[in-house]
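Enquirer: Let me begin by handing over the structure; questions about it come next.
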Amino acid sequence: MCGIIGYAGNKNPMPILIGGLKRLEYRGYDSAGIAILNAKKFYVQKSVGKIEQLVKKISYRQNIEGGVGIGHTRWATHGKPTLTNAHPHNSCDNKIWVAHNGIIENYKDIKNQLIAKGHKFKSETDTEVIPHLIEEYSKKGFDFKKSVRLAMSDIKGTYALTIINSDEPDKLIAVKNSSPLLIGITKNGQYFAASDATALLTHTREIIYLNDKEMAVLNGTGYQIETISGQSINKKIEVLKEKEESIQKSGFPHFMLKEIFEEPEAVENAINGRLIYKEGTAKLGGIETIKNELSKINHLTITACGTAYLAGQIGEYLVEELSGVSSKVEYASEFRYKNPVIKNNSAILAVSQSGETADTLAALYEAERKNCLTLGIVNVVGSSIARQTHAGIYNHAGPEIGVASTKVFVSQLSVLILLALFLGRQRNLSLTEGKKIIMELSSLPKKMRQILKQAPLIKKMARKYSKFDNFLYLGRKYNMPIAYEGALKLKEISYVHAEGYGAGEMKHGPIAMINKNFPSVAIATTNSVYEKMESNIEEIKARNGRVLAIATKGNKKITKLADDVIYIPKTLEPLEPILTVLPLHLFAYYFGVLRGFDVDKPRNLAKSVTVE
Ligand code: M6R
């Protein structure tokens, strides 16, 4: 959701900004733009649609020898995706250009005040007030940095900003509050600002994460970091470990397919080095320091959004079943606005791939305000949620570029199993049970690879069902959230209507929809609720509904009930979701591709939802 790249140095900023914007494409956007400042001259270009449109309008060979530049991919919030609304935005005197990710909540008031002072606005965006506000302070005689600071004290809201000003042409100022922003540095005078590290991997691995209300001043000779109130700070330089290949398609037609095929590896990376077989428990370095507090908790709230929320739903069952600690999953967008009851000896766990989801972050702030212990399961190292929590566990799944979350979902499930196991072994879970879970968890990647071998069959199924525009996904117990996830994935990338339902609820409404044109995908694995699922399938068949079933290998009976069956290997019931979701991810992928959509960048969606 909006991507920002900024550069200060002695190289031509144009290809650096365009390259960075391409790397940020996965975040989701509908227009893009750049502004470069060299020897007091601006080069500005914007376009609606893909970066290719922007590239067509500019020449890489334009001879710009160094300078400062800012680039932006915009995901429309205030105003349609038009050229006028595309960033960067400028001041009346054209000296100040700004790119922004976030929302300025009091922009209407500020805009009215500025209009009264004679400022002219062109766009419908909230962002445009920023360059005008900075201009207003510059006119009063404040230098660039001070003007930015004063402007920041006037605005309310969330922002990651990059700002350039022809009065001080060697400077790029980057400011952060709640929206993600980091700084990249090199030893040879190249400085960068970006929404995330993937944009910088080809240039540097040395990163400084900005905290809220911090700003960086970059130029070709160095950088300074200060708080918005002007206190200078010494920040730690972190070195990124991500491999360049992790952000390449490596021969796959789409990132989504590559990432589905990386699901077994994601499970391996989540569990490697974290299993202690002889003690039947998990070793989780990130929560080691708070293990005593964790041994005393009697409630765990899990909070997240989207697919991460669905992982959390499974987490709730896992924690209760394995540890006996009461648990509840809550949408972060609800948790942050209700008045959650936080009892003594409870903890909140935020689950997030990006670590930047605005609602999840806000839910954590709310919990912390009420003195609750905060934990995180996060994929992106150094992200806001990772830094906000008291302790946490990283997924180590590597960058996930496809907007639809796939490999990180199974990674989140793996970490939730480890956490539930850890809490269980602190309490009443037996050594034998613990060992059984460890053994089975270790065998999952192999079983997942067996499922992946069925990709051609699943593609065939997707083709067979691709003519339908409505789907019901059904599951029970651990597989109910998998029904939701299967449906979410299908609608996200294929734009067909798909509803996930707890199969036990089918008779309470959705059964009314069933007919021969409304197929159901039923997760009917051989487990404690299999017979119930079988009855649901019978009921659908009795109403001429078609059924595609996900069943456990060896269940021949189901072929007589369902129209089509995809088999998965047998595993322990609490671990099943890691296997049952895999065919559903593949089904959604092939379905979306068959319908001719760009599955890596579904319309209207953003990878990282940094505004609420
Ligand atoms: O980065 P997060 O895990 O916090 O993101 C949460 C959701 O926005 C995300 O899972 C979203 O639902 C995906 N598009 C699902 O595929």
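Placement of Cβ uses the backbone N, Cα and C atoms for every residue, glycine included.
Annotations per TrEMBL:
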{"type": "ACT_SITE", "residues": "C2", "note": "active site, nucleophile"}
{"type": "ACT_SITE", "residues": "K607", "note": "active site, for Fru-6P isomerization activity"}
{"type": "DOMAIN", "residues": "2-221", "note": "domain 'Glutamine amidotransferase type-2'"}
{"type": "DOMAIN", "residues": "290-429", "note": "domain 'SIS'"}
{"type": "DOMAIN", "residues": "461-602", "note": "domain 'SIS'"}
Enquirer: Please state whether DSSP places C2 (active site, nucleophile) in a helix, a strand or coil.
Expert: coil
Enquirer: Which numbers of helix, strand and coil residues does DSSP report for the domain 'SIS' (461-602)?
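Expert: Looking at the domain 'SIS' (461-602) with DSSP, the answer is 71 helix, 28 strand, 43 coil.
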Enquirer: Which number gives the other C-beta atoms within 10 angstroms of the C-beta of C2 (active site, nucleophile), all protein chains shown included?
Expert: 27
Enquirer: Which numbers of helix, strand and coil residues does DSSP report for the domain 'SIS' (290-429)?
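Expert: Residue counts for the domain 'SIS' (290-429) by secondary structure: 66 helix, 29 strand, 45 coil.
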Enquirer: Can you give me the Cα-Cα distance between C2 (active site, nucleophile) and the residue listed as 'active site, for Fru-6P isomerization activity' in Å, rounded to a whole number?
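Expert: Just about 10 Å between their Cα atoms.
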Enquirer: Around the C-beta of K607 (active site, for Fru-6P isomerization activity), how many further C-beta atoms are within 10 angstroms, looking at every protein chain?
Expert: 25
Enquirer: Over the domain 'SIS' (461-602), what is the model's mean pLDDT?
Expert: 97
